[in-house]
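A short write-up of the structure that comes next.
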Amino acid sequence: MKLDGYTRLAAVVANPIKHSISPFIHNRAFEATATNGAYVAWEIEASDLVETVANIRRYQMFGINLSMPYKEQVIPYLDKLSDEARLIGAVNTVVNENGNLIGYNTDGKGFFKCLPSFTISGKKMTLLGAGGAAKSILAQAILDGVSQISVFVRSVSMEKTRPYLDKLQEQTGFKVDLCALEYVSELQARIAESDLLVNATSVGMDGQSSPVPENIVLPETLLVADIIYQPFETPFLKWARSQGNPAVNGLGMLLYQAAEAFQLWTGKEMPTEEIWQSLTEKYQ
């Protein structure tokens, strides 16, 4: 990697963030595309967020990525938001356009790009969970022309989830169906008519648990996706594959959301296939 007076910085900003795989991905991409850039991880306190955003202009950076807890907190300090960032209410990428700071959310785009030969337009989706990742997948699906979405959360989370779905409907005219995860017969019925089933919860990170009961029967053509990539094969994905369904883990989402950010910063395509090889070697 070349570092000189012309090197431009990009960074991921969060707390905690030292474990992040983003520097690995982006520095590989800078190198592979002969871009004079360097990508670092900044673990900051909330009180330093304003100054951190100011540094994007001050040091003429490409921009920054954001992770928890700053995806929403950063919004007041930006000049403009993209459509999907406005819908989601969260930003994971800030682009420095000649001193203008524009907030994007590439998570949803990254998720749909990682699905093998699948487009969401005109399709039906069942989504488990309603946290940050789920919101980005939801909003992107609506922007991309999904025909129906069923969101399942635990009954204790229904009240907390509804206002966001109401806001989405207000902004897009699209009504998302909200259901309780405990109603297994409803879950089975919705999955039976879906084209895509997504686990956007953290259930399965322990390598033991699954967000759905194992007696659920999956339709043959259903594509199953999990946003988790550690473990590489969650119990949820193992269960889907045991029924003969194609199943995708969350590593592709991580890579393709990074590729979207990289393109916004540099105007260049990230060599995703090459980086995918390195990532799978690292995590498989």
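Residue positions begin at 1 at the first shown residue.
A Cβ is built for glycine as well, from the same backbone N, Cα and C atoms used for every other residue.
Per Swiss-Prot, active site, proton acceptor is recorded for Lys71. Listed in sequence order, Ala90, Val91, Asn92, Asn105, Gly132 are the same-chain residues at least 6 apart in sequence whose CB falls under 8 Å from the CB of Lys71 (active site, proton acceptor). Following the DSSP three-state reduction, the secondary structure of Lys71 (active site, proton acceptor) is coil.
Within its own chain, Ile21 (shikimate binding site) has Leu254, Leu279, Lys282 as residues 6 or more apart in sequence whose C-beta sits under 8 angstroms from its own. Taken from Swiss-Prot, the feature shikimate binding site covers Ser20, Ile21, Ser22, Ser67, Asn92, Asp107, Tyr229, and the record attributes it to sequence analysis.
Of all the Cβ atoms in the protein chains shown, 13 others lie within 10 Å of the Cβ of Asp83 (NADP(+) binding site). In the three-state DSSP assignment, the secondary structure recorded for Asp83 (NADP(+) binding site) is helix. Swiss-Prot lists Asp83, Gly129, Ala130, Gly131, Gly132, Ala133, Ile227, Gly250 with the feature NADP(+) binding site, giving sequence analysis as the kind of evidence.
For the binding-site residues Asp83, Gly129, Ala130, Gly131, Ala133, Gly250, a Cα-Cα cutoff of 10 angstroms around Asp107 (shikimate binding site) retains Ala133. Inclusion criterion for the binding-site residues Gly129, Gly131, Gly250: a C-alpha placed within 10 angstroms of the C-alpha of Tyr229 (shikimate binding site); this criterion is met by Gly250. Distance noted between the C-alpha atoms of Ser20 (shikimate binding site) and Gly250 (NADP(+) binding site) is 15 Å. Between the C-alpha atoms of Asp83 (NADP(+) binding site) and Ser67 (shikimate binding site), the distance comes to 19 Å. Secondary structure at Gly132 (NADP(+) binding site), as computed by DSSP, is helix. Across the structure, Ile227 (NADP(+) binding site) and Ser67 (shikimate binding site) place their CA atoms 15 angstrom apart.
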